Amino acid sequence: MLLLLPEITLTLIALLGQFFAVIIPNKNRIISNIIILLCILSIFLTFKYSSYEGVWYSFATGINIGISKSIVLLFTIISMIIYRDYSILIAEELKFEFITLILLSVVGIFVAISSRNFLLLFCGMELTALTSYALAGFKLNDIKSSEGALKYFILGSLVSCLSLFGISFIYGFGGSLQFEDILYKLNNNSGMNLGLIIGIVLFLSSIFFKLSSVPLHFWVPDVYEGSPISSVTYFTAASKIGMVIVLLNISKLIIGNYYPINYNLIKIIAILSMLFGAFGAIRQTSLKRLMAYSTILNIGYVLIGVLLHNQEGYKAALLYILIYAVGSIGFFTCLIMLLGKDADKASFKTIQGIAENHKTIAAIISIVMFSMIGIPPLTGFFGKYYLFYQAINQEEFILAYCGIFTSVVAAFYYLKVVKAMYFSKKIEIIKLPMLYGLLLINYLVVGFLLLGSFIISF
C-alpha cells in the first residue's frame, strides 16, 4: 500500500481541496495556495517511497520511476501556479475544479508510468484522457473551446476503443497482459505472431494520439486554439512528458528491438510528424495553433530517441521533451504577462512591436524561440545535437537528416515571432501588473535555457 502512497496522496489532496472549495466559498485562492504547497511536499514523498525497486501486482516502483513522477508533478505545479496568477491578472474568480482536474489527470499519469500490465496502463491513461477533455472545454461560454473539446472527446473515445480492442488481441494471442510475458512471447516465437503485433499496434495508437504524433494529430491545432491557455501549458508540458515516459517504458519492456514495430512503425511516424509539424505551422497566424504544430514537430524528434532503443537514445528523448516543455511554458507565460485576458487569442498581430515597451518579455520570448530553433549555446541546441548525434551513431541517417531539414524549416516561423516583436509596427498594449509567480517561472525558464547545457554537460 505504501508503494501507492504518491497516487493516494494526490487523490486525497484533489478531493479534499475540492470539498473545502465548495463548503468555504470565496476562499479558492487561499485553498489553491495550500494545495500547491502540499503538491510541492508530495514531490519529496514520491522520492521517499521510490527507493524500493520491484514490481508489486503489476505496479512497479523504483528510483527512476520516482524521478519521472516528480518531474511530471513539478511541471503540473507550474501549470497550477500559471492558472492561479492568470485568474488574478484577468480579475476572474479562480475555479478550483481546474486544479482538481489537473491533479486527477496526474494521478492517471502516475498509474500509467508505474504500470506493468496493459489493462492497468489503459485505466491510468483513460483517467488522464477524461480529465483532459474537461480541461480542454473549461471555457464554458466559448464556442471554440466547446468545439475543440468535443473533437478531442470524439477522437479520444475512438482511439480508446481501438486501444481496448488491441488489449483483447494481446490477451487472445499472448495469453497474458503482463509486460514480461508479452516480451517473452515476442522474443521466443519462431514465427511472426501477427495477432500479437496487431494488438500492440492498436494499443500504441492511444499513446501516439496523446503524444500528438502523425497520423493521430488532427485534434491538436483546434484543441490548443480553443482551450484556455493554462490548460494548454499542462497539455504541452506535464501531460506530454508523462506520455513520453510511458512510451519509453513500453519500448524498453516490450517492443525492444522487435523490428516490425520498433523500426517500421515508429520510424514512419517520426518522419511524418517532423514533416507535417514543420510545414503545417508556416501559414498559421494564431500563436497557439503555431505551438500546436510545433508540438507535433518536436514529438517527431522525441520519437527518434525512442526508435534508437538504447540508453543514450532514451536519455536524449527524455532530455529533449524536458527542454521543449520548459520553452513552451516560458512562451505561454510571457503571452499571459503581456496580453492578460487576450492571451487566448494571441496572434502575430497582438505581439507586433512589443519590444519597444516590453523589452524583458520580448527578450524572454526571443530566447525561447532561439532555443527551439537550436541556436548555440542555448539548451535547445544541446538537446538537438545530442539527439541527432545518437541517431547518426546508430546509422539512422534518414532520421537525422530529416530532423536537421525540418529544424531549418521550423526556424522560419520561430524567427517570424521574433520579427513581429522587434521589426513590425508597434501596437498599443495595456500594461498589466507584474505577478511574482509568473515572473519567477520566466526567470527560471531563461536560466534553464541559457545555463542548462552547461549544467547537463557536467
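Every residue, even glycine, has its Cβ placed from backbone N, Cα and C.
According to Swiss-Prot, the protein has these features:
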type	residues	note
TRANSMEM	4-24	transmembrane segment
TRANSMEM	30-50	transmembrane segment
TRANSMEM	62-82	transmembrane segment
TRANSMEM	94-114	transmembrane segment
TRANSMEM	118-138	transmembrane segment
TRANSMEM	153-173	transmembrane segment
TRANSMEM	194-214	transmembrane segment
TRANSMEM	235-255	transmembrane segment
TRANSMEM	261-281	transmembrane segment
TRANSMEM	290-310	transmembrane segment
TRANSMEM	361-381	transmembrane segment
TRANSMEM	438-458	transmembrane segment
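With a threshold of 8 Å between CB atoms, the same-chain residues lying at least 6 positions outside the transmembrane segment (361-381) that come near it are 294, 298, 323-324, 326-327, 330-331, 334, 337-338, 351, 354-355, 407, 410-411, 414-415, 417-418, 421-422, 442, 445-446, 448-454, 456. Within the chain carrying the transmembrane segment (290-310), a Cβ under 8 angstroms from the stretch's Cβ atoms is held by residues 211-214, 217, 220-221, 223-225, 232, 236, 240, 244, 247-248, 251-252, 255-257, 262-263, 266-267, 269-278, 280-281, 284, 316-318, 320-321, 324, 328, 331-332, 372, 384, 387-388, 390-391, 394, 396, 399-400, 403, 406, 410, 413, 417, all 6 or more beyond its ends. Recorded stretches compared: 4-24, 30-50, 94-114, 118-138, 235-255; the one with the most Cβ pairs under 8 Å to the transmembrane segment (62-82) is 30-50. Counted over residue pairs 6 or more apart, the CB atoms of the transmembrane segment (94-114) and the transmembrane segment (4-24) come under 8 Å in at least three pairs, which marks the two as touching. Sequence-distant contacts of the transmembrane segment (194-214), counting only residues of its own chain at least 6 positions beyond either end whose CB sits under 8 Å from a CB of the stretch, comprise 118, 122, 125, 128-129, 155-156, 159-160, 162-163, 165-174, 182, 185-186, 220, 239-240, 243-244, 246-247, 250, 254-255, 260-261, 265, 269-270, 272-273, 276-277, 292, 295-296, 299-300, 302-303.
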